Structures are given as structure tokens and as C-alpha cells.
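Per Swiss-Prot, the features are as follows:
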- Cys11: active site, nucleophile (ACT_SITE)
- Cys83: active site, nucleophile (ACT_SITE)
- Cys90: active site, nucleophile (ACT_SITE)
- Cys11-Cys83: disulfide bond (DISULFID)
- Cys83-Cys90: disulfide bond (DISULFID)
Amino acid sequence: MENKKTIYFLCTGNSCRSQMAEAWGKQYLGDKWNVYSAGIEAHGVNPNAIKAMNEVNIDITNQTSDIIDANILNRADLVVTLCSHADAVCPSTPPDVHRVHWGFDDPAGKEWSEFQRVRDEIGERIKRFSETGE
């Protein structure tokens, strides 16, 4: 258990994209990775993100919206920013923490199909990472 790696998904509000990424991460990576998400701010989990994940039988009602925790950030093996704002303003990561940017559109305030599209794109990206390490 202790030799699990840590992956940290970050976006602006820890409301939609990073919440969905955390859920997909737990599904696809949970046996090898500790999966966390956070935001530059904490806007609360978007009800449509909960609904979108329910459609694929993943329950995120118990996930919380959190601001970036320096302890997790500094010990993460991989930090993934999901929006350009988070990529630009994310606190600097130590040199030994690998950081990548996987950009996704923000579905907040958009029509329902956007939540479904972004949910599926994030799921596919994390599934690919679980299979290829990239």
C-alpha cells in the first residue's frame, strides 16, 4: 500500500474537471496510485459533474472540493493540470515532482452535452494513461 504513487489532478475550482478526473483516476489507476484532486479555489462539487459521473455508474457524491494542499503537491509523483488557468497559476512544484498539462474545456454553465463530452474525454485520457503511462 505504501509503495503506491500519488497523482494530483488540478483545475481552477475543483468543481467539474478535476472532480471527474479524480473519479476516473480512482477507477482506472486506484490499484497503483493514490488519486487526489484540488483547485486554485474550492467552488464545491458541481451537481452536473455528479450527474454526469452517475451516468457511467461512478458515484462522486462523497468527493469534496478542496484547495491545493502543499503536502500532497510536494510529495506527488505526478501533478496533472486540467485547465490553462491552473497550469499558469499552480504553485511551483519541486523539481522531483513531474508535472504535465492535459487541457479540457470547462463544462460549467454550458449545456448538458458538454458535461457528457468532457466527462468522456477525461475518462478516455486517464484510461490511455493507465494503459500506456503517457
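Indices start at 1 and increase along the chain as displayed.
Cβ from N, Cα, C; glycine included.
Sequence features, as recorded in Swiss-Prot, placed on the structure.
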residue: Cys11; record: active site, nucleophile; DSSP class: strand
residue: Cys83; record: active site, nucleophile; DSSP class: coil
residue: Cys90; record: active site, nucleophile; DSSP class: coil
Just to verify a number: CA distance, Cys90 (active site, nucleophile) to Cys11 (active site, nucleophile), in angstrom, no decimals.
9
Quick one: of Cys11, Cys83, Cys90, which of the active-site residues has the smallest count of other CB atoms within 10 A?
Cys90
Euclidean distance between Cα atoms of Cys83 (active site, nucleophile) and Cys11 (active site, nucleophile), Å:
6
